[in-house]
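Have a look at this one.
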Amino acid sequence: MTLATWAAQIVAQAVILAWLFLRSGSIWVPSLAHAGNNLVIGTFSEPLLGGFAPWEVNLLQAAPLLVLCAWIVLTGRLSPEPQRRKETDNTRIAPIG
């Protein structure tokens with residue numbers, strides 16, 4: 001049971017991080033989100049959830065991630081935005097001299 005709840009948590013986090021990357025176009029946004037997630041889970045899991053079984057801890061941590069993940073997937077927000085064509089600058093540069 002622990003492996004199943006852990007896998008659900010990791011897949012949900014992967015979907016959220018992928019969405020952050022697709023929306024921002026930068027690797028920094030999901031990287032910082034991942035670091036923040038690890039900080040919160042690492043800091044607060046044991047003191048707050050230490051009395052629970054490991055699978056219960058995983059399930060409690062996965063619940064909000066799964067809700068956010070479901071919202072991203074069910075609303076179609078995971079697909080990347082169409083690439084925008086770069087506007088070409090047709091102004092001519094006058095030669096020097």
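In case you wondered, yes, glycine gets a Cβ from its N, Cα and C as well.
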Of 5-22, 59-76, which span is tagged transmembrane segment by TrEMBL?
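Of the candidate stretches, TrEMBL labels 59-76 as transmembrane segment.
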Would you list the DSSP helix, strand and coil counts for the residues of the domain 'CAAX prenyl protease 2/Lysostaphin resistance protein A-like' (7-40)?
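Once the DSSP states are binned, the domain 'CAAX prenyl protease 2/Lysostaphin resistance protein A-like' (7-40) shows 31 helix, 0 strand, 3 coil.
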